[in-house]
Amino acid sequence: MFIKWMKQIFKPARSVTKRQKQHQGETPEKKDRHALPSSFEQNVGMLKSKFGKSPDFVLNELVNPKGLTLSAAVCYIDGLVETVLLPDLISAVIHLLDNEDSIQDAARSASEFRSMIPMGNVQSLSTEEEIMRAILAGNVLILLKNNDWMLGVGISGGVRRSVEEPTSQTVIRGPKEGFTEELSTNLSLLRRKLKTPALKFEQHIIGTYTQTRVVVAYLDGIARPEVVEEVNTRLKAIDTDSILESGYIEEFIQDAAITPFPTILNTERPDTLAGSLLDGMVGILVDGTPFVLIAPVTFFNFFHSSEDYYQRYDISTFLRAIRFVSFFVALLLPSLYIAVTTFQQEMIPTTLLITLTGQREGTPLPALFEALAMELIFEVIREAGVRMPRVIGPAISIVGALVLGQAAVQAGLVSSAMVIVVSFTAIANFVIPSINMASAVRLMRFVLMLLAGTFGLFGILAGLIPLLAHLVSLRSFGVNYFMPYAPYFKSNMKDLLLRVPWWAMKTRPNQKSGRNKFRQAPNQYPTSSDEAGVYQAEDKPQNKGN
Amino acid sequence: MNSKSPTRASELAATFALFEIGSTSLFLIGGEVRQDAWLSMLIASVAGLLLLLIHLTLHRIEPQLDLFQIIQRYSGKFIGGLISLGFIGYFTLEASRNLRDIAEVTILTLLPGTPLWSVILIIVLVVTNTVRYGPETLFLMCIVLFPVIVIGYFVILILLAATGLLQFHFMLPILEHGWKPVFKAAIPGILSFPFGQVVVFLVFYPMAATRRGMNKMILLTYCGISLFLILFNQINILVLGPVLATNSSLPLLQAVQLIQMSEVLERIDPLFTLILFLSLGVKLATFLNAAVIGISRVIGIKHKPSSALIGVSTYFLAFMSPTYTEFIKVGREIAVKYWWPIFQILLPVLLLIVMIIRKQRKKGIN
């Protein structure tokens, strides 16, 4: 019922054709698709009318060293181009026009003129739409006399953040570089990891006003072609005025709209993206954000960290176990505490029961409300911690820890066992590597607490079963959300709860990867130095010398 | 792209296993022959194996069609429709009995004093929600739950053995009154509950993608799970003794209650009750799914509305018996002997005969 109701709310917005038409009418694409006039003055006038009042718009009419006008101009937007290269470019153009005066009169073709500019990325532009897109993407426009084309020289630059360590996904061992807001930097970071022509990029431009470049990255032969095609068609179907972050894209293309669980992974780390591409997944890089989307993903991907693959396998396996335990703690601990203390006290050993009841004796609220109140308070503190200015940080921790924790217990409002339960739950929640999965768990926790408070253990089960049904029925680009576990693929279990050593991880994930299933050659079990005879050959003489 | 992935034989086998565990371990099966219950169960399971072979033969002749489609094809629209409705009724009734089982166990163990209607309502909502997604989701859930349930039972077995609760002298004397009562208890009583109930899987066999391995896998699962059920049934007697086990309403739970690890958990039976609920729920959902598929095949209602319809009717059917005692009496003594064998044995055998005759005739014509 609820879902139908939600769908009804969402659907009309999509099917209102009038609004859609109105929206399409506004797009500059439709209006400006006409060719340029061949007059220099008209073209200058056109550019000035578009950008004339903007202070960052620069249009320089060129003059030769003798002071004669050349009837040519250089035009760019300040801050979007690399200022270091600009003098070289302008002097080159002046030199060219001054020496070969005949060039302009002869009205040579754009391609001929293009090859004379000493820069790498030069394109000829012949419609207003192309010109607008080029200048706004950081090209320098070169206008010439009596030509119905302009040249765009790609020397985009300007101030941008340099490659830094990612803040949201930190590792102890592993590369420290993270994606930036600049798409081309991000693509190069990925190229540096995967030096193969099989790494393919497909570009889309989405957003009427933002004109955001969105790049689909995948490894040809390893990714499933159906998935790549599906990602591309879903991206093409997006018709919106703005894409400011990859979160916009995620909500447009995810499989199930009504679910708290993420079906697309995001990462700031190039090594995570490279590893995912090698597993057959597809990356979606969006200009203007360091967060790259990865699809298709399974539930378990949200519990894996790229560091798992850099550390020793046994340690990684242990850490993964800790993460899954934390998942259950974060999801269930408060509700289990409520259920056991209010409904199934017989489960608690007598001594512990006496301690607990002794604590709860003075507290005025029933366990459910106590837990709900404490959880809510914690969520508020947490949200405050994210939003507030850094300077006020200590104040929040004093208020949070001392006033709301200790003082509440001393005043007899909350039992100290409840404080322990809530804090442990909160810490366990931070262990989940993916923030959006952790948020889903936070949400589910409240539902389960309410159920536990009304029906005890039975209520928890009545909450967990629909949760499981929902999770199992979810899909991410055709891949089951619970993939190697349900449906069960034995070979993929090597990289789920366990992380087997690299030489044993022979195949890629089943439903995700395409034709190329095998990662490496078999039989790469490391030989010990005794067997290989290394000790006798090299080390013995050294020992003698000592 | 969005088409559902084909069901695999392993998923069906896991569902099959959990379905068989179902409500079986809740009760003492073959209580009337006391310590010889395991012999009765063994006989019934062998008979059940023959029955399963009949079912699988049905499936083999028409591997693409489910139970309702086979019925409609081989007995015409009108009679076929009636028989199909009969099967739908049977599945719904079985489901409603399971529903009542879960609710009664809940009230007996976890939530004493809670009104029956509210507990049944919650269970129906949870299970109908699962059915709404279709059988594929149920199979996937069973794959997830399978290890949980197996580990749960395994832990119980170890704890019972480790705390010295198993007393093997309760097995003796074997065959106190000879073979006759043992056979009498086995057929049709134990045959139709739990072993004959696998007739419901005739609806699901055609969904499994890898059919070559499926029959073997189902037969292996059946044998394994039969031994498992016999073992746990006998554990009731080994722990509680034949007299107490026969008189107890929930013998296995009572046996589990005797486990005491005072350092860790005082009583683990609430946790074990949850594990019991899981397998009970799987059984309930399997029957409901079969009934829903039947409704959409016979009447032509879509899956989601028909699951709501079946859910509501199951809810009211669960109140058919006014008391738990009558409910148990009807379920364990009348229904298993007179009602269920019609659907589990009689109709499949008749269907098989009709199919073979038709096939022969077709061959003759060709």
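If you go along the chain as it appears here, the first residue is 1 and each next one adds 1.
Cβ from N, Cα, C; glycine included.
In TrEMBL, annotation is done automatically, which means it is predicted and not curated.
Long-range Cβ contacts of the transmembrane segment (B:12-31) within its own chain (Cβ-Cβ under 8 Å, at least 6 residues beyond either end) map to 37-38, 40-41, 44, 98, 101, 105, 138-139, 142-143, 145-146, 149, 153, 185-186, 189-190, 193-195, 197-198, 200-201, 204-205, 207-208, 214, 217-218, 220-222, 224-226, 228-229, 232-233, 236-237, 245-246, 248, 250-253, 276, 278-280, 282-283, 286, 332. Residues or ranges marked as transmembrane segment in TrEMBL: B:12-31 (among others).
Residues of the same chain lying 6 or more positions beyond the ends of the transmembrane segment (B:37-54) and with a Cβ under 8 Å from any Cβ of it are 28-31, 174-175, 182-183, 185-187, 189-191, 195-196, 198-199, 218-219, 222-223, 226, 229-230, 233-234, 237, 344-345, 348-349, 352. The transmembrane segment annotation in TrEMBL covers B:37-54 (among others).
Look at TrEMBL and you will find B:74-93 (among others) tagged as transmembrane segment.
Annotated transmembrane segment per TrEMBL: B:105-126 (among others), in sequence order. Note on the transmembrane segment (B:105-126): residues 26, 99, 249-250, 253, 269-270, 273, 276-277, 280-281, 284, 311, 314-315, 318-319 of its chain, located 6 or more positions outside it, place their CB under 8 angstroms from a CB of the stretch.
Residues or ranges marked as transmembrane segment by TrEMBL: B:138-165 (among others).
Sequence annotations record features per position, and here TrEMBL assigns transmembrane segment to B:185-205 (among others).
Through the fold, the transmembrane segment (B:217-244) approaches residues 9-10, 12-13, 16-17, 20-21, 24-25, 28-30, 34-35, 37-38, 41-42, 45, 48-49, 52-53, 56, 153, 157, 160, 165-168, 170-171, 194-195, 198, 201, 205, 251-252, 254-255, 258 of its own chain, all at least 6 residues removed from its boundaries and within a Cβ separation under 8 Å. Here TrEMBL flags B:217-244 (among others) as transmembrane segment.
For B:271-295 (among others), the entry in TrEMBL reads transmembrane segment. Sequence-distant neighbours of the transmembrane segment (B:271-295) (same chain, 6+ residues past either end, Cβ-Cβ under 8 Å): 15, 18-19, 21-23, 25-26, 66-68, 84, 87-88, 91-92, 94-95, 98-99, 101-102, 105-106, 109-110, 123, 126-128, 130-131, 134-135, 138, 141-142, 145, 148-149, 152-153, 156, 200-201, 203-204, 252-253, 256, 265, 301, 303, 306-307, 309-311, 314.
Within its own chain, the transmembrane segment (B:307-325) has Cβ neighbours under 8 Å at 92-93, 95-97, 99-100, 103-104, 116-117, 120-121, 124-125, 127-128, 131-132, 249, 288, 291-292, 295, 301, counting only residues six or more beyond its boundaries. The transmembrane segment feature in TrEMBL is assigned to B:307-325 (among others).
Annotation comment: TrEMBL describes B:337-357 (among others) as transmembrane segment.
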Distant-in-sequence neighbours of the transmembrane segment (B:74-93), which means Cβ under 8 A and at least six residues beyond its ends | 67-68, 200, 287-288, 290-291, 294-295, 297-298, 310, 313-314, 317, 335, 339-340, 342-343, 347, 351, 354-355, 358
